[in-house]
Amino acid sequence: MKQIIIPNIKDVKNLKGKRVVLRLDFNVPIKNGKIVETMRIDRAMPTVEFLIKKKARVIILSHIGKDASQSLQPVVRYLAKKIKVGFVPDFRTAQARTVVDGLSEGGVVVFENLRLDDRETENDADFAKYLASFGDLYVNDAFAVSHRAHASVVGITHYLPSYVGFLIASEIKHLSLALSPKHPFLFILGGAKFETKMPLMKKFMKIADQVFVGGILANDFFHDVGLEVGKSFVDKYDFKLTPLLKKGKIILPHDVVVKNAETKKVSTKQIDELSTGESIVDVGPETIKNLIPLIKKTKLIVWNGPLGFYEEGFDKGTIALLKVIADARATSIIGGGDTAVIVDKLGIGKKLTFVSTGGGATLDYLENGKLVGLDAIIKCKKRK
Ligand code: 3PG
């Protein structure tokens, strides 16, 4: 597949004094006012630092959470440890204009959560125009929200010369490897929600050599072939999975970690040994061990979704497989979301080729090879 060239801010000459509206994705998990996971912020810093170095005046826009209920203040406090940064608590007031007008060259300000205003998610043209009025240029480096047609992602590109930043360029460069893969290519699919993952499964059944299915998704296969899955969560869907198995590409766990609903006892069992009172919570150690020879001869590994009931602490299978991959020679691309959080906790990010910052955006890009936010930059008519 041909690599798409997306206009990048690094190629823009003379940014000195220019007001740059920079869309980032600071949608990070916060507990008791503290950021739990900073990957998205850290990975956005090269673009922020580049703009500061070029003496641009930087206006950072982001959302946090689904609605207006959360504040970006903890993120601003975190940023303030790295750079000098101001904050506008309500970007709809005259204060926003005053602060931006007073920004010095190399100065940075963050506007409060964009979802304070419903017009953001509605992709309202007036709101997009209002946001654009703060800048001379627009940069999207918010890969994780680039699957959303929102005012600060899509609408704004109608009013300003628009570019992507370093993070998006890196995401596209690496995720594209999955779309025109080297072989042998192993695709690993975990997590829950069969409906959302099915398109990926179908797509990678065509282009990968093997597909290892873990997580709740695997339960659906076990259930479909008539195995006892006890109290395991099984998604409801109206298609048959057995034809997929017949293609011979799918590898399923053959041992699993199970939890007894009554006694709460956790044990490892072969997949045909489950009793009605048990539920599958993780892949077993034998399954991981048996994957090692395959991983050793694989050239490309793309992985999306954890293998166990991660929310309840069943992350051993995912951790064990990540360690095997980290020590392998294959190019390794890890989809974002929960798997990325585990990578970060283990501190093995540097031993993997790439860890995506996206959740839904990563799935969308892998499935379709494009995102609305990127198309908007490519099609922007305001660039000379
Ligand atoms: C994400 O976390 O996937 C992005 O920040 C998008 O958030 P959203 O699903 O609330 O639009």
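Placed from the backbone N, Cα and C atoms, the Cβ positions cover glycine too.
Among ARG19, ARG40, ARG77, only ARG40 appears in TrEMBL as part of the substrate site alongside ASP25, PHE26, ASN27, HIS63, ILE64, GLY65, LYS66, ARG115, ARG148. Listed binding-site residues near ARG40 ((2R)-3-phosphoglycerate binding site): ASN27 (candidates ASN27, GLY65, ARG115, GLU311, THR339; Cα-Cα distance within 10 Å).
For HIS63 (substrate binding site), the nearest neighbour among the listed binding-site residues (ARG148, GLU311, GLY336, GLY337, THR339), judged by C-alpha distance, is ARG148. In this structure, none of the binding-site residues from ARG40, ARG115, GLY336 has a C-beta falling under 6 Å of any atom of ligand 1. Taking only the Cα positions, the spacing between ARG148 ((2R)-3-phosphoglycerate binding site) and GLU311 (ATP binding site) is 26 angstrom. Of all Cβ atoms in the protein chains displayed, 15 besides its own lie within 10 Å of the Cβ of GLY65 (substrate binding site).
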